Amino acid sequence: MSSFITKTVLAALVAAAGVRAHGHVESITVGGTEYEGLNPGAAAFENPRKELAAWFATNTDNGFVEPSAFGDADIICHRGAENAVKSAKVKAGEKITIKWDTWPESHKGPVIDYLASCGSAGCAKVDKTSLKFFKIAEAGMTSGGKFASDDLIAAGNTWEVTVPTSIKAGNYVLRHEIIALHAAGQENGAQNYPQCFNLEVESDGTAEPAGVAGTSLYTASEKGIVFDLYNNPTSYPIPGPKMNIAGGSSGAAPSTPATPTTGSGSDTPSNTAAPVESAPAESAAPVESAPAAGNGNQNNGGASPVETEAPATPQPTKTGCKAKKARRHARDMMN
């Protein structure tokens, strides 16, 4: 009985904390250039809207997409998502630093990154339901029961993902996502926070990985979506399709990155490359012992970044939880 009370109280507390603390990606930095992210609360009142490389979304509460909506378009790039009109320029093999404005410690879970080719339509006009996403990096449990989200918080709410070196040049949508597991002990308890950016990739590579429609990335009942965070887990099965491209990696960003310049993004040109759809598959990740920062339990086809130090520099000048209320009833987290 005491175990039941403990689990239900914990679930209620973290749900209440989540109402206040949900976050969004405030910027990405590529090759020393910083691109502004979408602030959904502010963007709802902008007229005209800012022209960004970040996709527009209507999650003004910084809220989430729940598993019951995995078959809906909202899971692709968040609720009510609309195409970004600009693109961030990146070279294959280059790191993208992703900066969240905040992330609650209670919302533990994996960090997963995908790409999808925009094809001949170009990313500013592509139908989001036609995008086929392939996983380029994933991180689940790290050491000592910690999750990738803990590493992200420890790195100042930042994350790094490397664009695969073998990928074909073209225009892509980057889908960066944290899945919060604090209420995932039962079906429909996980919380998905997808964030999308347009990329213009320069590359000599030729790889065109098969992909999966955003509405087919996950199922509500699969392992890793249903997961008991409070039962002292020692491993975590990362959900979603398996990776089928090498040369990508991800991990917590260095504690003192170089000072970026500010970019508005380029107009998104057309691209003729389009991946072929494949069925999703579960990806599990074993526990590793004492990894370096951001290097835990990853299946990413490449080495993860190593923490480095750099001289202190001035901060860059940038250009630029009621909603979907968190469940206030306590979930029965018992198996």
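Quick reminder: no glycine exception, Cβ is built from N, Cα and C everywhere.
Note that the coordinates shown come from a computational prediction; the quantities given were computed from them, not determined experimentally.
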In Swiss-Prot, Cys77 is paired in a disulfide bond with which of Cys123, Cys196?
Cys196
Under a three-state reading of DSSP, tell me whether Gln191 (O2 binding site) is helix, strand or coil.
strand
Taking just the CA atoms, what is the gap between Tyr193 (Cu(2+) binding site) and Cys77 (disulfide bond) in Å?
9
Please report the DSSP secondary structure of Cys77 (disulfide bond), reduced to three states.
helix
Restricting the comparison to the recorded positions Cys77, His182, Gln191, Cys196, which residue's C-alpha is spatially nearest the C-alpha of His107 (Cu(2+) binding site)?
His182
Out of His22, His182, Gln191, the binding-site residues in the record, which is closest to Cys77 (disulfide bond) when you go by Cα distance?
Gln191
In three-state DSSP terms, His107 (Cu(2+) binding site) is classed as coil
